Amino acid sequence: MALFRKKDKYIRITPNNFLKGSVSHNVPEVPDELFAKCPACKHMIYKKDLGLAKICPTCSYNFRISAQERLTLTVDEGSFQELFTSIETKDPLRFPGYQEKLQKAKETTGLHEAVLTGKAMVKGQQIALAIMDSHFIMASMGTVVGEKITRLFELAIEENLPVVIFTASGGARMQEGIMSLMQMAKVSAAVKRHSNAGLFYLTILTDPTTGGVTASFAMEGDIILAEPQSLVGFAGRRVIETTVRENLPDDFQKAEFLQDHGFVDAIVKRTELRDKIAHLVAFHGGGQ
């Protein structure tokens, strides 16, 4: 038997079962749906204070909104006619888990795909409209997204309509491989045909607009608007910094930075977009 015992390195604490079971029993739970945290100023906001436009009352940050919410804010009530709802992804590569991911996105958003397309009236001006929804697999551009937008431009040519697109995307949809990348050229060709017909094309960049969407139809509008502080770019910030071996400005890839460097024509508050769209469409010949 040893005469000496090695000194304990740590203090031993016996659990106090009384304290363990007595904490927070009478503290009321606050439902998550009552409050939202602003990503910009970090303030907790009572959701009713965000309003229909979902703008932070403290710093004016524009929260990301769904395609249906965008539709309500933009078009004349009851005027929207949805188009191309029968087109569905066939999972050409049989990518593992892709069908399950699509189904979950459909159930969560109520959309068939990452873009809502159709015809609508904005203050009496008829337009062909597309709204991308970042809640649907980050609004990544796959074959169906590309096909729906292409058909929208073709319809606009036939009916002599201006096209308005709200862009939001994480880029090409990796689950569809090279076929998703082909949509960049496909949609761009449709944009060109629409332009050759002398028709007006307006893009509104929303947070986030990145990857192949930025590299194609998002930046091909006759006029390019953007919501305040929207993230707009192609590659990610860290990828660019690693490639060029330079530190980029803090506001790099923000809408304001792009406007200062000539890539965006104007930054428009979300609450003013409806009036701005109607004015620009009417000025460029209208959609009667």
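Even glycines carry a Cβ here, placed using N, Cα and C.
Going by Swiss-Prot, these are the annotated features:
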type	residues	note
DOMAIN	34-288	domain 'CoA carboxyltransferase N-terminal'
BINDING	Cys38, Cys41, Cys56, Cys59	Zn(2+) binding site
ZN_FING	38-59	zinc finger
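Look at the Cβ of each of the binding-site residues Cys38, Cys41 and count the other Cβ atoms within 10 Å; the largest number goes with Cys38. A C-beta separation below 8 Å, combined with a sequence spacing of at least six in one chain, links Cys59 (Zn(2+) binding site) to Cys38, Ala40, Cys41, His43. Mapped onto DSSP helix, strand and coil, the zinc finger (38-59) counts 4 helix, 4 strand, 14 coil. Other Cβ atoms within 10 Å of the Cβ of Cys56 (Zn(2+) binding site) number 19 in total over all chains. What surrounds the Zn(2+) site, by Cβ distance within 8 Å of the Cβ centroid and not counting Cys38, Cys41, Cys56, Cys59, is the set Pro39, Ala40, Lys42, His43, Ile45, Pro57, Thr58, Ser60, Tyr61 from the same chain. Taken together, the residues of the zinc finger (38-59) have an average pLDDT of 89.
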